[in-house]
Amino acid sequence: MIQDGIKKIIQREDLSETEMSAVMSEIMSGEATDAQIGAFMGALATKGETFEELAGAARTMRRKAARIQVTSPVIVDTCGTGGDRKGTFNISTTAAFVVAGCGVTVAKHGNRSVSSQCGSADLLEALGMRLDAPAEVVEEAIGRIGIGFLFAPLFHGAMRHAARARKEVGVRSIFNMLGPLTNPAGANCQVLGVYAPQLTEMFAQALRLLGARRAFVVHGQDGLDEISVCAPTRVSELDGGLVRTYDLQPELLLGRKADPEDLAGGDPGVNAKITRDVLGGAIGPRRDVVVLNAAAALIAAGAAEGFPSAVRNAEESIDGGKAIEKLEALVRYTNEN
């Protein structure tokens, strides 16, 4: 199948969702050679991925993943693609604790850094969390605390079959896009940041095919793969099976804008301090961007009607100490179990 897929893509023909799923199944079962995987990655990147192809690949990766069971009917993830190369602190991971502090179930999917100094896993490790906690501990944490961290390598073992080809080719490919679409807990409400504006609709349509309930796929005009407080943000919102795209203006939501340097992060130690400061109630642009991204997640989860009430709820999660309590509880639980 992969040979047929390569030939079709080289001719600039798109694969159907079913065809892509079959190709990825071959790759993730170890049946494709490194040369075939490399050729496939390069050809697809040159042609450009479609949302059907993205959904087909994600569907296979979900099927191959180790799964955890979460009883909540609403499960939020704030995992994005990464790769914006903006050097910010870990906004979406910090926002996840704010969301959990509002009583919404969060299954945060993530990994170590690929292109930045500090990925979500690097941050949480610096905050004291045990990354290699068994799946059952993560499952229990989500059930008891309301938040857990799903460290991607522990759940997506089938990706090892593409690892060597990805390393040897060394360019961004469809594999870099799949993380936010393959949450092992089956998250159905998402805020998903992407590294390029043309990806917002593509990811939103892929989430629609994959059965997501509601999602905000976002890219700031300043290049941020989050909802930005420095510039308008392009949003493709999935709701009720329909996708609409529009711009969010931070000054209309918060009454102010920030400068990009205000959101700068650093290594895991630096970012851990920033996260603790924000969750501890520090005021400023870092708090603003976390609150805005958490607010979108609360709307996606149905925990708020619109941004004004969602922003208030997010601020109360921080100021009432609930957000940092969730962080401390998760760190403690992963180390004691």
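Heads up, the Cβ atoms here are built off N, Cα and C, so glycines get one too.
These features come from Swiss-Prot:
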- G80, N111: anthranilate 1 binding site (BINDING)
- G80, 83-84, T88, 90-93, 108-116, S120: 5-phospho-alpha-D-ribose 1-diphosphate binding site (BINDING)
- S92, E226: Mg(2+) 1 binding site (BINDING)
- R166: anthranilate 2 binding site (BINDING)
- D225, E226: Mg(2+) 2 binding site (BINDING)
Candidate with the highest Cβ count within 10 Å, taken from the binding-site residues D225, E226: E226
Rounded Cα-Cα span from D225 (Mg(2+) 2 binding site) to S92 (5-phospho-alpha-D-ribose 1-diphosphate binding site), Å: 9
Conformational class of E226 (Mg(2+) 1 binding site) under the three-state DSSP mapping: coil
Between R166 (anthranilate 2 binding site) and T88 (5-phospho-alpha-D-ribose 1-diphosphate binding site), the C-alpha gap once rounded to whole angstrom: 26
From binding-site residues G80, T88, H109, N111, the one whose Cα lies nearest E226 (Mg(2+) 1 binding site): G80
Largest tally of Cβ atoms lying within 10 Å of a Cβ, found at which of the binding-site residues T88, S92, N111: S92
Other CB atoms, at most 10 A from the CB of R112 (5-phospho-alpha-D-ribose 1-diphosphate binding site): 17
Binding-site residues compared (H109, R166) - the one with the fewest other Cβ atoms within 10 Å: R166
